[in-house]
Each structure stands twice: as C-alpha cells, then as structure tokens.
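First up is the structure itself, then whatever we jot down about it.
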C-alpha cells in the first residue's frame, strides 16, 4: 500500500520539528507555561514524540495511529501556543499577529492529521 506524498510531507515536518526540540531547546522551553513542571523534560518528550510519530506516519500499518498521536500531541501543546500569544516574554520575537495566527493554525494541523485516520 502506497501512502500519499502529503503524508510524507507531514511526516518530514514533524520529524524536523522533533529534532529541532534538541537542536534549539530554549526556543521550546521558553513557551512552556510556568505552571507545567520540568520544561526541559517536557520539551524532550515532545521532541521524541514528534520524531517517533513522524516515522510511524510513513508506515502504512501505523500511519492512522500516528495521526491520532499527532492530534493528541497538538492538543497537549496548545497551552504553550496560548502562553506564547499572551506573554510577550515568550514571544520568541514574533509579532502579536503572528502569534495569534499560530492558534487557529493548530486547528488546521489537527484537521490535516485527522485526514489520515
């Protein structure tokens, strides 16, 4: 069974993003709300999850489960996107408008993952 090219695109994006959690961890730990414990650990967990789920997307027998996992991950990290939007110290230098766009973008990413279930 062959998978569509756009699934591989999604997989590549998540694998790249996951690896980026380890390449530039401060970028991610900075947007984790302070009420969450151990930002470094949470960043590492998210990075590993993105890489593993990205790889699993490329395997026909696991791609649907991986898409579900990505949906769960997107929901789990949504508080970081909200925190980034409302807290200028977590803005990573992005404008308020760009940070706002990240919020509905999560819905688009959720739908993209849902498409492969």
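Backbone N, Cα and C define each Cβ position, glycine as well.
Worth saying up front: this structure is predicted, and the values here are computed from it rather than measured.
TrEMBL lists 6-22 (among others) with the feature transmembrane segment. Remote same-chain residues near the transmembrane segment (6-22) are listed as 28, 43-44, 46-55, 57-58, 63, 70, 112-113, 116 (criterion: CB distance under 8 Å, separation of at least six residues from the stretch ends).
The transmembrane segment annotation in TrEMBL covers 42-59 (among others).
For 65-86 (among others), the entry in TrEMBL reads transmembrane segment. Distant neighbours of the transmembrane segment (65-86): 10, 14, 28, 31-33, 36, 46, 49-50, 53-54, 56-57, 59, 92, 94, 96, 99-100, 102-103, 106, 109-110, 113-117; these residues of the same chain sit at least 6 beyond its ends, with a Cβ under 8 Å from one of its Cβ atoms.
Per TrEMBL, transmembrane segment is recorded for 98-116 (among others).
Residues 7, 10, 57, 63-64, 66-68, 70-71, 74-75, 78, 81-82, 84-85, 91 of the same chain lie 6 or more positions beyond the ends of the transmembrane segment (98-116) yet place their CB under 8 Å from a CB of it.
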